[in-house]
Every structure is written in structure tokens, then in C-alpha cells.
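Enquirer: Next up is a structure, given as C-alpha cells.
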Amino acid sequence: MDRLMETIVAMTPGAGPSAADAIGGSDDPVISAAPAPQMMLLDFFFPGFSIFSAAVQKTLHIDLNLYIPLVLLAGGLTFVWQYFSEYAWKQVEAYLMSVVDIRTDDEIYNMLMTWVASQRFAQGARRFVVNTNLSSRSWFLYKWDDDEDEDGEGAEEDSSGRQKKKALAYTPTFGSHWFWFKGRLLIFRRTQGAPQSYGYSVSEKEEISISCFGRNPWVLKELLHEARTSYMKRDEAKTLIYRGTTRSGSTEPTWQRCMSRASRPFSTVILNDKVKKDLIDDVTDYLDPNTRRWYSNRGIPYRRGYLLYGPPGTGKSSLSLALAGFFKMRIYIVSLSSVTSNEENLASLFAELPRRCVVLLEDIDTAGLTHTRDNGNGTPTTDTDSSTSTTTDMVPGQLTPGNPAGGGGGNKETGGRLSLSGLLNILDGVASQEGRVLIMTTNHVEKLDKALIRPGRVDMTVKFDKADGGMTAAIFRAIFAPLEGDDAPRATAGVGTKYADLAEALEAERVAAAVRAREREATLVRVEGLAEEFAGRVPAHEFSPAELQGYLLKNKRDPEAAVEGAAEWVVETRKDRKEKELRQAEEKRRRRRRGKRARSASRRSRRRRGARAGRTRATSRRPRARTRRRRTRRLRRRAPTARRRASR
């Protein structure tokens with residue numbers, strides 16, 4: 001023990017007679033020779049404490065040794081308080097509090113964060129997260145006001161009245177934040193989760209929860225319902241669009257909200273009025289609750305399918321968007337040509353569909369679900385050239401070629417191969433979802449297999465064609481007819497600014513409204529006449545509605561110029577089409593010649609390999625022939641000798 005104390009004294013800086021005198025203030029030679037054991041221990045753990053204590057005692061005449069027990073006692077009490085408080089808080093959370101955890105991979109996360117960003121405790125937080133979400137298109141990254149346009153409610157205005165592109169949203173940073181809701185004290189807790197696999201950002205790893213005191217979680221449910229209601233109000237006049245994809249950092253399929261579009265009025269869809277009316281009546285009858293019970297009582301699967309076919313640019317996708325907006329349903333887009341589109345992923349996506357929605361399969365003819373057959377050699381034969389290929393109907397279970405992962409046609413390792421049988425089972429099999437409206441679009445209905453578009457899977461077919469005279473005039477009126485929101489908002493005159501009293505201001509506003517109404521009527525009459533003239537200058541059934549709309553948008557401020565340049569535009573468009581067809585024909589001939597040269601080179605290569613193999617076999621036969629001849633000569637020379645021996 002004495003050696004240990006001597007070692008500690010030797011290791012302790014500043015431990016000497018002067019330190020001992022300063023500490024104890026005693027004349028005892030024993031104390032003067034060696035410091036107190038507690039001081040040596042303090043110097044061992046806190047080097048320089050004896051010097052600091054001596055300096056304080058010398059200058060302030062305060063002996064720190066007297067306060068050491070108090071400091072140790074306070075530290076011990078603090079440790080005990082921290083331990084027991086944490087233990088007590090855990091017990092309170094476990095037995096006396098209600099907690100709701102929010103998943104970051106679900107849309108409720110967006111709803112709650114939207115609600116939190118509008119609360120006072122979030123706006124007044126000293127530490128917060130700011131976000132604009134200009135490029136956020138995933139449920140895994142929190143989105144606030146990401147779908148608002150520049151002139152929407154999410155835009156800010158500067159002092160000059162000009163609108164900015166996006167508002168800033170403020171939410172509390174990581175930690176616990178207390179707030180009041182309906183007279184109850186709640187805790188909003190935002191924590192950063194443990195690091196996940198590569199590719200996760202901080203926003204994707206965070207965890208949020210809301211807790212309240214009491215065993216009854218009714219206030220938490222009220223908060224979630226309020227957040228959901230306020231979030232859905234922003235989308236009342238919009239059509240939500242979802243797309244099938246995989247979760248970030250995994251291969252699990254899920255529906256991802258990609259955007260929301262303003263609901264398109266059904267009147268803006270340029271289509272035959274009777275066809276539109278029949279389509280609306282059919283969908284209305286299908287979505288009626290009585291129809292669902294009627295289907296259920298008779299054991300008929302409650303599903304409805306529609307096929308929209310026609311040339312590109314005739315309005316098939318526009319009709320799907322307008323139909324979903326008219327019935328206030330969401331659109332779920334499925335890409336069958338995706339590399340991840342296999343039977344398992346598609347089945348999982350369709351199983352997650354809500355009962356009332358629109359499922360859109362765009363350009364289904366490009367996904368490999370065409371007349372694909374196996375010839376006698378086992379190689380697939382496609383109907384790319386209908387004049388030279390013969391096709392028969394596909395049979396369930398046959399694999400379609402799909403789109404290769406690399407985009408080339410010769411790659412046989414296609415990650416997104418899908419069988420026709422698998423797709424049919426997903427659409428209307430035993431485990432298929434009911435209550436949805438399925439819409440398939442295609443540019444070439446003749447390429448689709450009959451099993452895919454048979455009655456029961458496709459209940460109504462809508463044909464889209466090039467614009468006739470009536471459609472051309474309707475497109476012209478839709479572009480140039482004046483609407484309510486076309487003019488910029490006019491500043492209203494208030495009392496005391498321009499007029500003496502309110503009655504005079506109201507009268508002036510009424511007169512201005514009457515003038516605007518007369519101008520609108522005159523514009524409508526003029527646009528009606530120009531529409532008929534424009535329809536007369538554009539040939540019927542030659543141009544698609546998209547082509548006509550693209551031309552009219554170039555002159556959207558001047559309808560007279562659009563009518564005057566219609567004939568010239570027709571000539572230029574025909575010329576461009578002819579040049580494009582010539583280029584395509586020339587490219588097709590080049591590909592054909594390259595294919596012929598490649599086949600000829602392959603045949604020549606096979607012949608050369610065959611000739612080399614023949615020469616090699618002939619060369620290898622020569623030594624064997626010489627050996628056989630030598631053996632034959634030897635046998636002939638030995639034959640007389642053998643006969644003589646045999647006669648003896």
C-alpha cells in the first residue's frame with residue numbers, strides 16, 4: 001500500500017511540500033512531507049487539481065477540500081435522479097400513455113407532415129427542417145405542397161405582387177416537441193432511425209410518432225382524421241395519378257404517387273357525343289352500389305373493362321384522365337414493358353388496388369402481348385410484317401417475348417418477361433381484385449391476342465379515328481372560345497379611392513360586366529364562323545386531333561391567322577409525312593440489305609469452316625491409309641512362308 005501511494009505521489013504533478021502546506025495549512029512534518037490521500041487520488045484522476053486548489057485558497061481564501069463531499073454528493077444525486085427519472089418515464093410511456101407510430105413508406109406520412117407544417121408549434125420551433133419538395137415524387141420522402149402550380153395556394157408573393165414558384169414549409173427537427181390539441185397535451189417525436197442499406201437518405205430513415213397521456217387513444221385518432229381530411233381537401237378538384245414501382249432499396253412492388261392533375265372536364269374530350277354519353281352511362285351504372293349487389297347476388301365477378309384503340313394522338317389517354325376526374329377516382333398506371341413487370345410483381349400491385357379506381361394499361365400492344373408464335377425450330381415468329389408472316393392465336397401459358405432489359409431485340413435474357421396466362425389470371429383470375437375500372441389503350445388492336453380482348457375482359461370497345469369536320473371545328477372552338485379564367489383579374493375599386501360611394505362603384509362594376517358579356521358573345525359568334533371556315537380548309541379523316549391542336553396552339557392568340565395559314569399547314573404536313581415515309585422506307589431497305597449481307601456472310605463463314613474441316617479430315621486420313629497399305633504389303637510377303645510351314 002505504501003508503495004502504491006509513493007507511486008501515485010511520484011506520478012502526480014505538483015505534489016510536494018508546498019502543495020501540502022497549501023492544502024492542510026499544518027506545521028506537522030508528516031503532513032508537510034506528503035499530501036493527503038484524497039488529494040493524491042483527485043490529482044490522479046484530475047491532473048493539476050492540487051495546484052488549482054492551492055491557487056484558489058491563496059487568492060480567494062477558499063478551501064475547496066471542504067466542498068468536495070458536496071460535489072460528490074450532488075453528482076451522485078444527479079446520477080440517481082437521471083436513472084430513476086428515465087425508468088419512471090419508461091413506465092409511464094408503457095402503462096399510462098398512448099402512442100401512434102407513422103410509417104414513412106405510407107401516404108399517411110405525407111398527410112401528417114402536411115398537417116404538422118401548418119401548426120403553430122412547428123412554425124415557432126427554434127430548430128426546424130425547411131423543405132420545398134420541388135423534385136419529391138416518392139412516398140419515402142416527405143412531400144408538402146409538391147403538386148401545387150406556380151399560381152396555386154403554395155406560391156408566395158413578394159412585395160411587387162409577383163408570384164414565386166414555391167412556398168417554404170417548416171417542420172420540427174429531430175427530437176421531442178410538445179403541443180396542445182383539443183385541450184390535450186401531445187408529444188410529437190421525430191427521430192433518426194438506424195442506418196439502412198446503401199441508398200437510403202436521412203428522410204427515408206427517420207421515424208415519427210405522436211403520443212398522449214392516457215390509455216384512451218381517441219385524441220390521436222381524431223388528429224389523424226383531421227390531418228387526412230385537410231390533406232384530401234387539396235385534391236378535391238384534382239385527379240391523383242399513381243404508378244407501379246419498387247420500394248427504395250428493395251425489390252418489393254408498391255404504388256407510388258407521381259403527380260396530381262387538375263380534373264379535366266369531359267366536355268374538352270373531342271369525341272363523338274353519342275360515344276361519350278354511352279361510356280359515361282355505362283361507367284355510372286357500373287359504379288352504382290345497387291349494381292355491385294346485383295353482381296354479387298348472381299355470382300358474376302364485379303369487374304369492368306374498356307378497350308380504347310386508334311391511331312396515336314387521337315385522345316385515348318385524355319379520355320382516361322377525363323373519365324377518372326369525372327367520377328373522382330384515382331388512376332393507377334401499369335407499365336407492362338417495364339423490366340420488373342413479372343407475374344409476381346403485377347399480382348402484388350393489383351392486390352393493393354382500392355375497390356374504386358381506374359387501372360390504365362397504356363399501349364398494351366408494345367408490351368409483347370401480340371401474336372407471338374413458336375415455329376418448328378423453336379424460335380419465335382412475330383407479326384412485324386403482316387404481309388409476310390402468318391399468325392395464329394396465342395394459347396394460355398405461352399411466354400411473350402416482352403421488352404429486353406437492354407432495349408435490344410436480340411437479348412434473350414429479358415428481365416420483364418410476362419406470360420399471357422399470368423396476365424389473364426391477374427386481370428380476371430380467382431385472386432383478381434374487384435371493383436376497379438380497367439382501361440387498355442392500343443394503337444394496333446389487330447396485334448392483340450383474342451384471349452386478351454374477349455367479352456368478359458373487355459366489355460366495351462371505343463374506337464378513336466382521325467378528326468372529321470365536326471371534330472376539327474370543335475377543337476377550334478375549344479382553343480379560341482373565351483372562358484372565365486382567361487382574362488387577368490381586374491382590380492376592384494373601393495370606397496374612397498375612385499368613386500364617392502359604394503352605389504356608384506357597384507354600378508360601374510355592373511356596366512363593366514355587361515360590356516364584357518357583350519364582348520364575349522361577339523367573340524363566340526366570330527369564333528363559331530371561323531371554326532366552320534377552318535374545318536372546311538382542313539381535309540377530314542387525315543389529321544389527328546393532336547396534330548390539329550399543336551398547330552392551333554401556335555396561333556392561340558390570333559384565330560384569323562390560324563384560319564389563313566391552314567391550307568399552307570396542310571401542304572407542309574403532307575410533305576413532311578411523305579419525306580418521313582420515304583426515310584422510313586429507305587431505312588427499312590437498308591436494314592433488309594444489312595440483314596441479307598449478314599446472312600450471306602454467315603453462309604460463307606459456315607462454308608469456309610466446313611471446307612477447313614473437310615481438309616483437316618482428309619489430311620488426318622492420309623497417314624492412316626499409308627499405314628494400312630504397309631500392313632497389307634507385309635502380310636502379303638509373309639503369306640507364302642506361312643503356307644509352306646502349314647504344309648509341313
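Backbone N, Cα and C define each Cβ position, glycine as well.
What TrEMBL says about a protein is an automatic prediction, not a curated fact.
As annotated by TrEMBL, compositional bias 'Low complexity' applies to 381-403. Among the features that TrEMBL reports, compositional bias 'Gly residues' is placed at 404-413. Taken from TrEMBL, the feature compositional bias 'Basic and acidic residues' covers 575-588. The compositional bias 'Basic residues' feature in TrEMBL is assigned to 589-648. Positions annotated as domain 'BCS1 N-terminal' by TrEMBL: 72-269. According to TrEMBL, the domain 'AAA+ ATPase' annotation covers 302-468. What TrEMBL lists as region 'Disordered' is 369-414, 575-648.
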Enquirer: As a quick check of your reading of DSSP, tell me how many residues in the compositional bias 'Basic and acidic residues' (575-588) are helical, how many are strand and how many are coil.
Expert: 14 helix, 0 strand, 0 coil
Enquirer: Would you mind splitting the compositional bias 'Basic residues' (589-648) into helix, strand and coil residue counts from DSSP?
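Expert: Summed by class, the stretch gives 59 helix, 0 strand, 1 coil.
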Enquirer: Averaged over the whole of the domain 'AAA+ ATPase' (302-468), what is the pLDDT?
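Expert: Mean pLDDT for the domain 'AAA+ ATPase' (302-468): 73.
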